[in-house]
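Student: Okay, handing you the structure first.
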Amino acid sequence: RQARRSCRCTASAAEIKEDFEIIDKKQIPNTTELKSEEKEKTEEARWSAPILSLAKKASENLALGYGNALKSAALLAGGGGGGASARYHAMEERANLMNMMKLSIKILIQSALSLGRTLDSDFPPLQQFFVVLEHCLKHGLKVKKTFIGQNKSFFGPLELVEKLCPEASDIATSVKNLPELKTAVGRGRAWLYLALMQKKLADYLKVLLDHKHLLSEFYEPDALMMEEEGAVIVGLLVGLNVIDANLCLKGEDLDSQVKIKFLLRITAVLDQKHYVEELNRHLSCTVADLQNKIDCLEKTNSKLQEELAAATDRIGSLQEEQQQLKQQNELIRERSEKSVEVTKEDTKVELDTYKQSRQGLDEMYSDIWKQLKEEKKNRLELEKELELQIGMKTEMEIAMKLLEKDTHEKQDTLVALRQQLEEVKAINLQMFHKSQNAECSLQQKTEAISSFEGKTNEMMSSMKQMEERLQHAEKARQTAEERCNKMKQELAGRLDTCRQQMSQLDSKCSTLEKELKSEKEQRQTLQKELHQEKDATTLLKTELQQMEGLKKELRKLQDEKQQLEKVCEEQEQALQEMGLHLSQSKLKMEDIKEVNKALKGHTWLKDDEATHCKQCEKEFSISRRKHHCRNCGDIFCNTCSSNELALPSYPKPVRVCDTCHTLLLQRCSSNSS
């Protein structure tokens, strides 16, 4: 009953997929040990899926082996016979060999991955692996009697592989063609070397284990290859497909190749009778403790199963949330793409309209600028004419003042002429009133002309009229200047005559009256000219006001132009930023698509499916070996896959084919640019 309970304990431990080798209470795992085991599990998660599954199977089979060991120990404690002890001894040897094989494979894989290159035949972990494998194949071999003597070699079962698997015919023919090999042991070692180089050692041994009825001719029933430990070892050998080995068979003495130090270790491990006896005594004492521990383990198993169920539920809910988030992401991406397209179209239309408006504004600006230049020229000319006329006015005022002074001086002598002067003043007042009425009528006329010009927008005709008027004004000014010069000359002559003829004033009154009449006429002409000049000044003032209005409009147009230029610059910057964001998002999408392709699209091609290189289409052989491209998953020869690059799914640089190498380099260069 105790043995059955121990077997149940081992079966439950196998279901939990953990290895328990409990000999004493001190060996029960603590919380720190459990944390370290969880770290080891996370490290093991980095391995590939098939290796991990095979390692789990191996751990299950090891747990079953420990349970069988406990059962056999209990039977021995109960007093079994000699046959039971022999079986227990064979079972112990199988367990020890399996543990040694597990250790050697683990050390070989770790050292090969850390080394990062193809392995040679002088690599110590590889030599140890072949020694352990040779002992596993030799375990339980039947002795065959021949004419020469007894023969016990593991090459006999390996020859069956050629019949069962026609792919192994190349290995068999190459082994037979080696003249240096004289014994069956050397041929068996050469066969193992070639199978490892082809990465099909596990496949060939699995074919042998599937036909155990043929193996029974070479092995005892208790042999390692006939029991479950053989299947465990084959599962462990699958992990060696990660390793690339290049083993030279020529020039090596495989017939007498023996590793003495490692054999001594194996013999020391296999020679464990004393250790087994002590272990059996100890096991008979600790069966009760194991039962209590089994109950605890069952409870923990149930708890772990509940936690597993909860975790699976959580995973399902998380997957549903992930799908919903993916759908939302797709909707958001579609909306963003649509909005980007709409904004692009709007910006294009705005740019076109802005360009058209800018062209029109530039044309208007050039026309207005030309008009401004012309008006500035006209204004300068008019200002010059005004200055000349103002100078003439000042001269006339000075002349009038001089005349008044002369009249005041002559008042004493010209008392009789006062009445005539008063009459002249009255006439002047009448003329002044008439001039005011003429000015009002002229103002009304000028207002009607300005309104008519503003409504009809005929600036050119008005400019021509102004030019004609200016020409008339210039002619009138010239005549006025001539008259002024004559007046100056006459006044100078009169002053001289007045000074000379002060005594003869009575006699020359008639001449003075005539002169006064002429002066009145000249005064009237001067007043008319003044009215004309006033009219010209009013016209010039109106034109100046129009110029100021045009200047204000020009300033407004310039401000609007600056605002439009600012808006255009901001829109161009926004467009550039949008273009940069779009290019970055496109690059990110391409990277994500490529990563998804690398994770999902590319299937890992099996070794059996490829017989020729995909690039150069040369047939694979022992010299031309197969290599997987870690990017696309296809199989190539060494020359077509000699490049190495760092990929997102691998932490270190890995082997890549030539086409993937060029594509990845181009992608890296485009991303960097």
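Any Cβ shown, glycine's included, is placed from N, Cα and C.
Annotations for this protein, taken from TrEMBL, read as follows:
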DOMAIN    120-252  domain 'RUN'
COILED    280-338  coiled coil
COILED    372-420  coiled coil
COILED    456-581  coiled coil
DOMAIN    607-665  domain 'FYVE-type'
Student: What is the average pLDDT across the domain 'RUN' (120-252)?
Tutor: 84
Student: What does DSSP give as the helix, strand and coil breakdown of the domain 'FYVE-type' (607-665)?
Tutor: 11 helix, 14 strand, 34 coil
Student: Please work out the helix, strand and coil residue numbers for the domain 'RUN' (120-252) from the DSSP assignment.
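Tutor: Tallied per class, the domain 'RUN' (120-252) gives 82 helix, 7 strand, 44 coil.
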